[in-house]
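Have a look at the structure below before the remarks.
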Amino acid sequence: CFGFPLSIFFIVINEFCERFSYYGMKAVLTLYFTRFLHWEDNFATAIYHTFVALCYLTPILGAIIADSWLGKFKTILYLSIVYAIGQAVLSVGSINDLTDHNQDGTPDAIAVNIALSIVGLILIALGTGGIKPCVSAFGGDQFEDDQEKQRSTFFSLFYLSINAGSLLSTLVTPTIRASECGIHTKQECYPLAFGVPAVLMAIALVVFVVGSKMYKKAKPQGNVMLEVSKCVGFAIKNRFQHRSKEFPKREHWLDWASEKYDKRLIAQIKMVLKVLFLYIPLPMFWAVFDQQGSRWTLQATAMNGDFGFQIQPDQMQIVNPILIVIMVPVVDSLVYPLIKKCKLNFTPLKKMTVGMFLGSMAFVAAALVQVQIDQSYPVFPAAGQAQIKLINLGTVPATVQFQPQLQSVDVAPNKETGYMIFETSELQSLHIISATLNETKPLKLLDRQRYTLPFKWGPTGINSTLIEDNITSKPGNGKSLVRFINNSNFTVNVTMGDMAFGELHPLSVSNYSVVPNPGWSYTINASMPNTCTVDSKEFGYGGAYTISLDDCVGKKLIITHFEDIAPNTVHMAWQIPQYFLLTCAEVLFSVTGLEFSYSQAPSNMKSVLQAGWLLTVAVGNIIVLIVAGASAIQKQWAEYVLFAALLLVVCIIFAIMGSFYTYIDPNEIEAQFSKEEKEEKKDQDGNEKEAETDTQL
């Protein structure tokens with residue numbers, strides 16, 4: 001079809017569906033841990049990076065199985081089945097109603113959900129990692145030797161399908177996750193957010209199987225990684241056995257393998273080890289890079305995602321693939337040629353060094369954003385302190401004096417004060433003066449608590465109620481809270497959307513309830529005694545509100561909004577600079593790194609370098625889970641600075657290592673060995689002829 005083997009279209013479609021499945025699931029994973037399983041941020045981060053590390057360790061296993069035992073086709077087939085089962089198990093594990101027997105919206109046996117989720121993730125890691133090194137190589141096997149141009153086009157289509165799957169899934173699954181579903185209670189729809197990727201993985205498997213009769217299936221021919229490992233192992237063992245001084249030293253420790261392995265293989269391994277030595281500092285870059293899906297997503301939950309339409313925190317990850325699609329051609333066609341025109345020697349290792357520096361700067365930018373977020377958080381009372389907020393629900397101004405002679409506050413009608421901090425041991429009472437009336441109210445406040453005191457002028461005096469807020473932190477996960485206070489003279493029954501707040505007596509307050517979608521406007525119904533309605537204004541994400549039910553005029557409810565905790569004010573757009581810096585770092589580091597590695601190693605050793613490269617990604621994620629699990633740093637901005645500093649130090653070390661590296665041309669070395677082998681064979685043939693002549697004589 002168009003000069004291509006028909007089989008490769010099945011492979012490209014399979015890759016698109018598989019990448020959609022993987023990135024779609026991964027996009028919502030961190031929020032699933034924190035919001036559904038209710039794991040603490042550090043633990044959720046550690047488990048997330050453990051999963052990613054496993055996804056990058058299993059490709060080595062997949063490559064060995066494919067090359068030494070099953071072949072690429074069977075490896076892809078069997079591990080895709082494991083992969084699809086894992087996605088299905090994860091989706092089932094995220095069903096809230098699975099163990100919610102009392103139908104209160106909370107699983108009665110959360111351990112069942114956790115166990116299913118972990119089993120699902122392990123199966124997914126085995127599947128996605130195991131097929132990673134096989135699919136692109138299997139696609140390449142479908143072409144004849146004279147179809148080099150078509151093979152190159154296939155790889156372009158293949159990587160386009162990867163980016164398309166990543167881009168689309170990162171946009172779709174967070175939107176599904178933010179919707180509500182459930183049998184007994186409506187909550188964030190994780191079963192569907194994981195279910196759609198599971199369906200896509202099943203489609204990927206079906207598509208791959210449908211094309212099975214068209215595939216060229218090469219037999220396993222042994223894995224070069226095993227051969228390299230055996231050669232290195234033999235050299236170390238042989239050197240250890242001949243460690244005494246009576247044995248002469250050899251030029252390189254790998255030369256101790258020459259008794260068993262030929263010179264060409266030893267020379268090839270030497271070239272590979274030179275590159276692998278440069279890989280040692282690289283995990284630190286991946287430790288920074290892969291935090292887009294964990295720490296940066298958690299950072300976005302405390303930000304304002306209103307772009308005229310609501311962006312979900314886990315959708316911000318889409319900035320990276322969008323920028324990659326733009327940046328790669330711009331850098332290749334404009335930036336690099338411009339640098340070349342300026343006659344600057346911008347070698348691959350220098351590009352990688354600059355990439356590491358930009359990665360460090362990305363985390364400096366993330367730290368600056370985090371400082372702004374932290375400054376927007378409300379101040380809560382410390383030990384020995386309490387906070388009081390006053391709300392004047394009356395129609396006349398009032399003055400409130402805190403006794404004994406601590407401070408005095410004027411409160412206008414239908415207005416509130418901010419939360420005021422007092423030492424609990426000092427504050428004894430408050431004195432309210434409104435028009436000709438006054439009242440003294442004794443107080444006994446608890447440590448670290450917030451209180452609201454609504455009051456109003458009444459016919460018999462000043463009516464007031466001291467309410468304990470029962471809120472000790474800003475609402476997390478972008479949620480908002482709302483409560484109602486009855487400012488009428490009737491007992492009122494209140495509902496807002498599907499939420500029922502029950503009956504409220506005059507000047508009584510409901511408990512806080514979570515607003516399911518803070519960006520929406522809800523219809524508020526109240527019986528006063530006739531049913532009155534009004535639409536609320538939109539609630540900000542991460543805020544807490546008190547709504548006063550004041551009156552009913554012509555069946556229209558009169559309400560007043562009071563802001564207890566300000567919503568998220570730092571806009572998600574402030575994350576774009578850090579994503580931009582990290583994407584620039586990725587283009588310089590990742591793309592250049594693979595290109596450099598392949599240019600410095602023999603063609604038959606490229607799989608060894610790919611395994612080493614994937615191993616650096618795995619180790620980088622292990623670094624993050626160690627820091628997240630063991631770090632005593634309390635402030636998130638300080639952790640960002642720590643990672644930025646570590647990457648900067650590693651960047652300097654890598655620059656020094658790179659300055660000592662000598663670039664080689666493996667093809668020249670290969671040609672030299674081929675020439676020597678031909679000469680040896682020629683000499684050997686000549687000796688055999690001489691021996692044959694002697695025999696005849």
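Glycine is no exception: its Cβ is also placed from the backbone N, Cα and C atoms.
A TrEMBL annotation is a machine prediction, not a hand-curated record.
A quick note: this is a predicted structure, and the numbers were derived from the prediction, not measured.
These come from TrEMBL:
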TRANSMEM  46-64  transmembrane segment
TRANSMEM  76-95  transmembrane segment
TRANSMEM  110-131  transmembrane segment
TRANSMEM  152-172  transmembrane segment
TRANSMEM  192-211  transmembrane segment
TRANSMEM  271-289  transmembrane segment
TRANSMEM  318-339  transmembrane segment
TRANSMEM  351-371  transmembrane segment
TRANSMEM  611-633  transmembrane segment
TRANSMEM  640-664  transmembrane segment
REGION    674-697  region 'Disordered'
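By number of Cβ pairs under 8 Å, the transmembrane segment (611-633) is matched best by 46-64 from the list 46-64, 76-95, 192-211, 318-339, 640-664.
The stretches the transmembrane segment (46-64) and the transmembrane segment (192-211) do not meet in space: the count of Cβ pairs below 8 angstroms, excluding pairs fewer than 6 apart in sequence, stays at fewer than three. In this chain, the transmembrane segment (76-95) touches the transmembrane segment (110-131); three or more CB pairs sit within less than 8 A of each other, excluding pairs fewer than 6 residues apart.
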